[in-house]
Amino acid sequence: MGGWAIAVHGGAGVDPNLPLECQHQAKQLLTRCLNLGIDALRSNLSAIDVVELVVRELETDPFFNSGRGSALTENGTVEMEASIMDGPKRRCGAVSGLTTVKNPVSLARLVMEKSPHSYIGFSGAEAFARQQGVEVVDNEYFITKENVGMLKLAKEAKTILYMMFDYRIPATGLDKCSAGVDSPIVMNGLPISVYAPETVGCVVVDSEGRCAAATSTGGLMNKMTGRIGDSPLIGAGTYACDLCGVSCTGEGEAIIRGTLAREVGAVMEYKGLGLQEAVDFVIKHRLDEGQAGLIAVSNRGEVACGFNTTGMFRACATEDGFMEVGIWEQ
């Protein structure tokens, strides 16, 4: 085994004109979460414990789109989703449609460990949360004034905001957004006016070579109620096995069609590719015209990332001393 490794992401698709202050805030949060994971690994916590710990921290901070700070539905409410997977024996748990659970990733783990199922959604997931005694809060806890402003812009434009438009960038409407709408991305036939960060995730391999992955999100701004993205779908947004752990971010529908996370493990297993080779292959050949990114670790202590967007909020480290926190392409 090559020692432990960890990677964290805060979403792919970054406005190229994102203010330096916001870039600094993002890097500070990523660094804090990365160090939290590193300390846990040095204390011999298992991979599955570390991914849950790190994603809980990301869900608690409103900067990215998960937990507090999640994107709003067309009705102005929050519906969150998350998944977690433990590489040994490929155990997994996932949840969707959460409106009161403070940390969706922890409920996903309880689905994996305390239920006979792999995936529970909406009212059933909320009932399960109360049976398990997890912390719940009013839906208003998750709503920020920035996201209320974003929802207003989305409704005025009669579209959805794909991932999160950074409302902290001065703007009077979508026509003023620095990302522009001259060449809109189209998802499932709908124009996507703004492309900016969303979703959080963490992948870890511990010192015993065990891989794990977790992903959490609030989804799309102004999404239809009941919409489910890639993040809670095992094999699409999240996957872990004996070989690797993967967490994806980006255009959910494209990630679902490409079963992106599972494909990394598949090409490693069946084509004999190394981790970075597998990530590069999947980003190039499995997204069609979709926009996405991912982070991955291998059971050999390697870490990798890949994206075809303008950037991806990410941080990674390995036991041999390598550490990187970045946004833009190298």
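Including glycine, each Cβ sits where the backbone N, Cα and C put it.
According to TrEMBL, the protein carries these features:
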type     : residues                                                       : note
ACT_SITE : Thr199                                                         : active site, nucleophile
BINDING  : Arg227, Ile228, Gly229, Asp230, Thr249, Gly250, Glu251, Gly252 : substrate binding site
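Annotated features taken from TrEMBL, shown on the structure.
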| residue | record | contacts (Cβ under 8 Å, 6+ apart) |
| --- | --- | --- |
| Arg227 | substrate binding site | Thr73, Glu79, Gly219, Leu220 |
| Ile228 | substrate binding site | Glu81, Ser96, Gly97, Gly121 |
| Gly229 | substrate binding site | Glu81, Thr217, Gly219, Leu220, Gly237, Gly252, Glu253, Ile256 |
| Asp230 | substrate binding site | Ala236, Gly237, Cys248, Gly252, Glu253, Ile255, Ile256, Leu260 |
| Thr249 | substrate binding site | His9, Gly11, Ala12, Glu198, Thr199, Val200, Gly201, Thr215, Gly237, Ala292, Gly293, Leu294, Met312 |
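Gly250 (substrate binding site) is surrounded by 31 other CB atoms, counting those within 10 A of its CB over all protein chains shown. Other Cβ atoms within 10 Å of the Cβ of Thr199 (active site, nucleophile), summed over all protein chains shown, number 36. Around the Cβ of Glu251 (substrate binding site), the number of neighbouring Cβ atoms within 10 Å comes to 30.
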